Amino acid sequence: MKDFLQYTFLDNKVETYLYVSVSILIALMIKRFVSQNLANLLFRIFNRAGRTFHKKSFLDLVVGPLEWFLLVALVLIALDRLKLPSVLDFRIHRIESRTIFDSLGNAVFVVVFIRLCIRCVLFFAMILEEKATAGTGHNSSQLVSFFRDFFKVLLILLGILLILHFSFNYDISNLLTGLSLVGAAIALATKESLENLIASFIIFFDKPFAVGDTVKVNGFTGTVEKIGLRSTRIRTDQKTYITVPNKQMVDTILDNITMRSQRKVEQRLEIGLSVPPAQLKQVVTAIKSILDRFPAVLDNNVFLSDTGKTAHVITMDYFTSIAQTNSEFNSMREDINLAVIDMLNQQQISFAASSTDVVVHQAKA
C-alpha cells in the first residue's frame, strides 16, 4: 500500500493526488455549511451595529457567491501542491502553459471575489432603497439606484484591473495615471453637470426639502414634483413647470413653506384723517375683538403704525394654523375683512380717499 501511494503518475505521487482529491471533496461538502455560518456571523455583526436587516434577503444574496469564493480558494490552494505534468508543459507564442494555468486561476478567483462584493453592494442598496421609499419618497430611491449602479461599475472596473495585473502581469500604474488624466479632462468639460450632481447628493443627505414640499426659490413659489440628479422640477403657483439646477437649489436662500409652523397675514388699513384719536383707539380694540372670534387665529397684533398727510395707517398682523387648507384660509380672511368693513360702517368711519382733490386758488387781480 505504501508503495502504491509513492507511485509516480504524471510527475506527481498518488499520495498527492489523493490529498488534493480529498481536499476538493471536503471543500464541496462543507462549502454550504461554512458559507451559511459565515453569512450568519456577518448578519449578527451588522445587527449589533444598530442596523436592521432582512436575514432571508441577506442570505439569498450572499450565501451563493460566498460558496463559490470559498470553493475556488480551497481548490486553488489544493491544486498548488501538484506539479505541472510534463505532458501539459507547452508554449503558445512564447507563453508557458504554467503561466496560462496560473493566470486562469487568478482570473477565476478575482471574478468570484468581485461577484461577492457586488452582491453585498446590492444588499445594502436594497436596504437603503427600502428606507428611502418609506421616508422621503421617489427622489431618494432614485439616488440610491444611482449609487448602486455606480459602485457596481467601480467594482467591475476594479476586477478588470486586478485581472490585468495578476493574470497578465500588466503594470496598471500607467493605466491608472492615464485614467486620472482622462477623468480630470472630463471633470473640467462637465464642470456644471458635476456641480449639479454633487448638489443632488447634498439634497439627498441634508434633506432641506422633499417631493411634495412647497418652496420659494429665486422668486418662484411652487410644489416640488421631482428631484433629479441634475435639476429639480417645480410646479409653480401659476401652474407653470420650471426646472431649477440643483446647484441653485443648494447655493441660494430657499424658503421651505411646507415646514413653517404658522401662516402670517399682514394688512394695512388706511383710515381717513378726519377720524379722531379716541375713535382710532376704539377701532384698534374692535379689530382685536374680531380676530379673537376666529379659533384658527393663533396670535394677533393690531396697532396704529403710521400717520401722515393722507391717512392714518392701522396694521393688522395675525398668525393662523398651518392645518388649514388654502380654501379655508382664504374663506377666513374674507370673513375677517367683511367683519372689519361692517364694524367701520357701523362707526361711520371711512377709508382714506384713493385720490386727492387739488384745490386751486386764483389770485385776485
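Every residue gets a Cβ built from N, Cα and C, even glycine.
TrEMBL: automatically predicted annotations, no manual curation.
If one looks beyond the transmembrane segment (16-34) by at least 6 residues along the same chain, the residues whose Cβ comes under 8 Å of a Cβ in the stretch are 5, 9, 63, 67, 70-71, 74-75, 77-79, 81-82. The transmembrane segment feature in TrEMBL is assigned to 16-34 (among others).
According to TrEMBL, the transmembrane segment annotation covers 58-79 (among others).
The transmembrane segment annotation in TrEMBL covers 107-128 (among others).
Here the transmembrane segment (149-166) has long-range neighbours at 103, 106-107, 110-111, 113-114, 117-118, 121-122, 125, 172, 175-176, meaning same-chain residues at least 6 beyond its ends whose C-beta is under 8 angstroms from one of its own. According to TrEMBL, the transmembrane segment annotation covers 149-166 (among others).
Under the heading domain 'Mechanosensitive ion channel MscS', TrEMBL lists 193-258. Across the domain 'Mechanosensitive ion channel MscS' (193-258), DSSP helix (H, G, I), strand (E, B) and coil residues number 22 helix, 25 strand, 19 coil.
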